Amino acid sequence: MASAKETYRAELRAAARQLGERCLYSAAKWAAELLVGVDLDAAPAPSAAMDSPSSSSAAAGRLLHLHRSGGSSFRHRPRPGGGSSSEAGTPLGGVSYASTPIPDDDAFDSGGDKYLLAKTYFDCREYRRAAHVLQNQAGRKAVFLRCYALYMAGEKRKEAEMIELEGSLGKSNAVNQELVALERELSTHRRTGSIDSFGLYLYGLVLRDKGCEGLARTILVESVNSYPWNWSAWSELQSLCTSSDILNNLNLKNHWMKDFFLASTYLELKMHEEALKRYERLMGVFRCSGYIQAQIATVQYSMRDLDEAEMIFEELLRTDPFRVDSMDIYSNLLYAKESLTALSFLAHRVFLTDKYRPESCCIIANYYSLKGQHEKSVLYFQRALKLNRKYLSAWTLMGHEYVELKNTPAAIDAYRRAVDINPRDFRAWYGLGQIYEMMGMPFYALYYFRKSSYLQPNDARLWIAMAQCYESDPLQMIEEAIKCYERAANSNDTEGIALHQLAKLHGMLGQSEEAAFYYKKNLERMEVEERQGQNFVEALLFLAKHYKSIGSFEEAEHYCTRLLDYTGPEKETAKNMLQGIKRLQSGFPSMDIDHFAL
């Protein structure tokens, strides 16, 4: 009996060929890349069901840590409680298919010559000619390509109408005129049972475009259950899973491809720990997969583990120097770290590799933004959107650039276009909140900040923004601001803004004990990070006054003494306080026993 890894190779090899023959090029590319990512030396362990995040055992969780060691070798750093590599050796989600099912009309039959001609026309983007050639062909494969060609012809015409009516980035009500006829034909084929998994995938696309999301999910589930290697179908299904409840209610068969889908969907739904566990499990067999490594880096970036993510992206570029996929996320990471040199190198590399990819334009835009050249940055984001109008990151980041340029209407439009594409994009909601706060409309701003924090509840920056809005002059809702700062402090606020503000606000409310608690906590944080500044001095001064007021003279003297190391009015205040403390201490009667004698 063939080993599991040989089964994966056989399935993926057949899938790449079948998908390519049906002009599903993205899915064919994905399957082929995964095929060469199978670890030749992987030792599969017995399969274990992975139907839910909780079913992944701790032994399977290992943190990927990439580094160079003579060629491209990848090592895992075990997590606490993690098991040996053999325990995570298989990504099987239960029972895998024994062999790849070959579609009925996969053979080169009497209509094969016409199919070959139609495919050639399709490759040349002559979609209507391709559909016309297959007009009288009844095979499932020919029916799919004909319908797919009509769908693409409709999309091509829709794009042209949008540009003609509103410009390359304008809004338009243009629709794909082929959808109605395609829905009628494909629904008939489904009722009569004369449709294959590829036809079901196309039917799902048509229903999604018509807004029938519930039925589209059902059809796409049928498609992936009957042919699980079409990653395009999984991706469309993922786009329709907007909540964990919807995801958990999908009736999916247990197949190892299901684990790729679940991991990707968990990442989209911000379930980062669950996504990381899935990908680390899959790495047990697909150890050399660039896709999985890029996804793990994306998870690490989303979890704000920038150093770990950067290391993985660097290794990816060393092993695949002409890679553009996922490099836009790497550019976001370098932007966040303000690594101008590395970002410049990446922008130059993708420019020479393929400057007309949307990702390349986005990377170059990030480079110009980091240099402060915001007009040029907007230009490249616009180029990215001309190439792909649904490129979510480009809309959001272009909104940020318009904010820098003080172009408020354009920023609002960009952010709204982003949330139209993906209502779960917390960055766009956050951007809208910032815009309305700048416009002096705090209640609107709070609405958008709440949306962003709901989607990304563990991001301290969002809670801080909401707190500052509550704290602003028009509102002065201090209690609400305190609640938000507390959430931020519990969400890994690396800059310490929340602790400092909590201390100040409690001080304003006369709650000196609470203020002292937060000042002390913030002081400890700054000492560990070896940071000093005005906040450090302010904390020392408040604690000195607080402990003096409650009679803890030793504590007060300690903080006053530390203040003497600084220049400015605080030093003089500390000197005066020390003198006052000494007077107070000397004013107490002696503790000699004779003092209490009668």
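We number each residue from 1, going along the chain as drawn.
Keep in mind that glycine also has a Cβ here, set from the backbone N, Cα and C atoms.
Because TrEMBL annotations are produced automatically, they should be read as predictions rather than curated entries.
In TrEMBL this protein carries:
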- 69-79: compositional bias 'Basic residues' (COMPBIAS)
- 8-297: domain 'Cdc23' (DOMAIN)
- 69-96: region 'Disordered' (REGION)
- 392-425: repeat 'TPR' (REPEAT)
- 426-459: repeat 'TPR' (REPEAT)
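Mean predicted confidence for the repeat 'TPR' (426-459): the pLDDT average there is 93. Here the repeat 'TPR' (426-459) has, by DSSP, the following mix of helix, strand and coil residues: 27 helix, 0 strand, 7 coil. Taken through DSSP, the repeat 'TPR' (392-425) splits into 27 helix, 0 strand, 7 coil.
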